[in-house]
Amino acid sequence: MGLTETLSKPGEMFGDMFQVATLDNVVQWGQSFSLWPYPFATACCGIEYMSTACADYDIARFGAERPSFSPRQADMILVLGTITYKMAPVLRQIYDQLAEPKFVISVGACASSGGMFHTYGVLQGVDRILPVDVYVPGCPPRPEAILDALVKLQKKVQSQGLEARRQEVMRKIEEINERNKPLVVA
């Protein structure tokens, strides 16, 4: 086995000196540990997110300690709580303002499926307007569940190439647009 075959295996350590990796792997690794969340909190799940950000659970050890309150400075949105139809366009506009690549975590039963509010004014799942990457069950979910979702998102970012991620998001957005197409009467 020659040097060329040996060096063509990304992810292998060669002594204590260096590790061989592709540029895509390095970018994915760095991106997975520097997710900047934008918390969109509307209900009790927002309180659980505050607990997650405190010292007892320490979201900082996962690289997401910098909550951004400007969507242009964030690349991940956490939808925490009930979303009404009146809020849906605002949430979509905030999602559009996020930095690329964009990630979405739907936290709690209300954000994921409308929760106990099965009424005409409540959106029955945020996945009707945004391409959701990870769902967190619970009403409200424990901080450990939110951290577990963050770890799952990190693994997804590390395993998925940038181009594959872009194609997946575009496919999800096309599905959302197709589902929400207005009825035109001719």
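Each Cβ is built from the backbone N, Cα and C atoms, and glycine gets one as well.
Summarising the annotation, Swiss-Prot assigns [4Fe-4S] cluster binding site to Cys44, Cys45, Cys110, Cys139. Within 10 Å of the C-beta atom of Cys45 ([4Fe-4S] cluster binding site) sit 28 other C-beta atoms, taking all shown protein chains into account. DSSP assigns Cys45 ([4Fe-4S] cluster binding site) to a helical segment in the three-state reduction.
Taking all protein chains in view, 13 other C-beta atoms sit within 10 angstroms of the C-beta of Cys139 ([4Fe-4S] cluster binding site). The binding-site residues considered are Cys44, Cys110; of these, Cys44 has the fewest other C-beta atoms within 10 angstroms of its C-beta.
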